[in-house]
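Single-structure report; data block below.
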Amino acid sequence: MREIVSCQAGQCGNQIGSKFWEVIADEHGVDPTGSYQGDSDLQLERINVYFDESAGGRYVPRAVLMDLEPGTMDSVRAGPYGQLFRPDNFIFGQSGAGNNWAKGHYTEGAELIDSVLDVCRKEAESCDCLQGFQLSHSLGGGTGSGMGTLLISKLREEYPDRIMMTFSVIPSPRVSDTVVEPYNTTLSVHQLVENSDESMCIDNEALYDICFRTLKLTTPTFGDLNHLVAAVMSGVTCCLRFPGQLNSDLRNRLAVNLVPFPRLHFFMMGFAPLTSRGSQEYRQGLSVADVTQQMFDAKNMMQAADPRHGRYLTASALFRGRMSTKEVDEQMLNVQNKNSSYFIEWIPNNIKSSICDIPPKGLKMSVTFIGNNTCIQEMFRRVGEQFTGMFRRKRFLHWYTGEGMDEMEFTEAESNMNDLVSEYQQYQDATVEEEGEFDEEEEAY
């Protein structure tokens, strides 16, 4: 089996993570006590990817939960699936990181990281053939961003050949929690560029927009947002957990096909069909054409970046449900032909699709979309501008230098993010003719 160890850091990461476990436990027929109550062999066929079977036949998530304060852990434990997790895998401090990246990365987090790594090692050792790690965290706070990136770099040292995948919640342009979000985000991106293999970017504001516009909710709660994120996380990982016609694992399907240049591994995610919770009956009449159409719709993207402002380097569509491969291929070709200007022409076959036979609960079919679009630079550019505005005046810098950080680190992180933006821009503007010119120049020397 190709197992995945799932880590969740900080308040946001733990809330998204625990929602994700609720969704996939439900899909695999595992009840809140960890015993199997399902009705299909397909649920058990690859259940070991995320669950470890204990001696008594209970299924225990391969999950590592960490935070620098006990509050979130208590609420996860008290939640509906709190008894599912292995009690030793809750690792928490008492002090909190106070939205300070330096505390999470250098001081408080560094004290706790060894016990987290011990649990990760234990989980990795119980795997037959570890495929990689996934981390859910936010980049705006202190623990998820600082300690989350610390964990990634430590795991990178210890397991250099395993895939590292992150679900990263990026601060929104209009919805801001703390004033130092731009600092925390930039310092985190600086780490993710170097140490993660694929980062799925999620944005609260885009999630709010989906709730208002598409789902017609008047007062969306964080529960609703987490529900959306969990649906996408479940969709991204479904072809690893269930048998299907065109199946895949993290490395082949996602990392190899979606990352044309190693630094450009920040993806947008989308999901279809998105209908409000009440209108179940409408969902049954969906066709492959409908969901494909909806999937490429800018309103369904979970990031505050508009794919129409950029171009797709690569994309992957993960269909779920009973459908023919031929129909899927036709629809995907159809989309590419109609909107050819949005796809980069110098990467051949840059849209991949896979089909997993088992649809999510309550739907006949669904599709999850992962796109590597150059428009994600808008997000980095926005954070970069906020960062520069604060850093130029050295606002709040003493919080970080007081924890032993150096101003040089800020300058490095800033320039790394600016480089990332210009790399995206460069590939967005590149055309086939230019590629030809480069060859001629090389021959001339």
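Every residue, even glycine, has its Cβ placed from backbone N, Cα and C.
According to Swiss-Prot, the protein has these features:
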type    : residues                                                     : note
BINDING : Gln11, Glu69, Ser138, Gly142, Thr143, Gly144, Asn204, Asn226 : GTP binding site
BINDING : Glu69                                                        : Mg(2+) binding site
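Structure with Swiss-Prot features highlighted.
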| residue | record | DSSP class |
| --- | --- | --- |
| Gln11 | GTP binding site | helix |
| Glu69 | GTP binding site | coil |
| Ser138 | GTP binding site | strand |
| Thr143 | GTP binding site | helix |
| Asn204 | GTP binding site | helix |
| Asn226 | GTP binding site | helix |
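Sequence-distant neighbours of Glu69 (GTP binding site) (same chain, six or more apart, CB under 8 Å from its CB) are Phe92, Gly93, Gln94, Ser95, Gly96, Ala97, Thr143, listed in sequence order.
Of the listed binding-site residues Gly142, Gly144, the Cβ environment within 10 Å is emptiest of other Cβ atoms at Gly142.
Counting other Cβ atoms within 10 Å of each Cβ, the lowest count among the binding-site residues Ser138, Thr143, Asn226 belongs to Asn226.
Sequence-distant neighbours of Gln11 (GTP binding site) (same chain, six or more apart, CB under 8 Å from its CB) are Asp67, Gly71, Thr72, Ser138, Gly141, Thr143, Gly144, listed in sequence order.
Put simply, the two farthest-apart Cα atoms among Gln11, Glu69, Ser138, Gly142, Thr143, Gly144, Asn204, Asn226, the recorded binders of GTP, are 23 Å from each other. In sequence order, Val169, Pro171, Ser172, Val175, Leu225 constitute the residues six or more apart from Asn204 (GTP binding site) in its chain with CB-CB distances below 8 Å.
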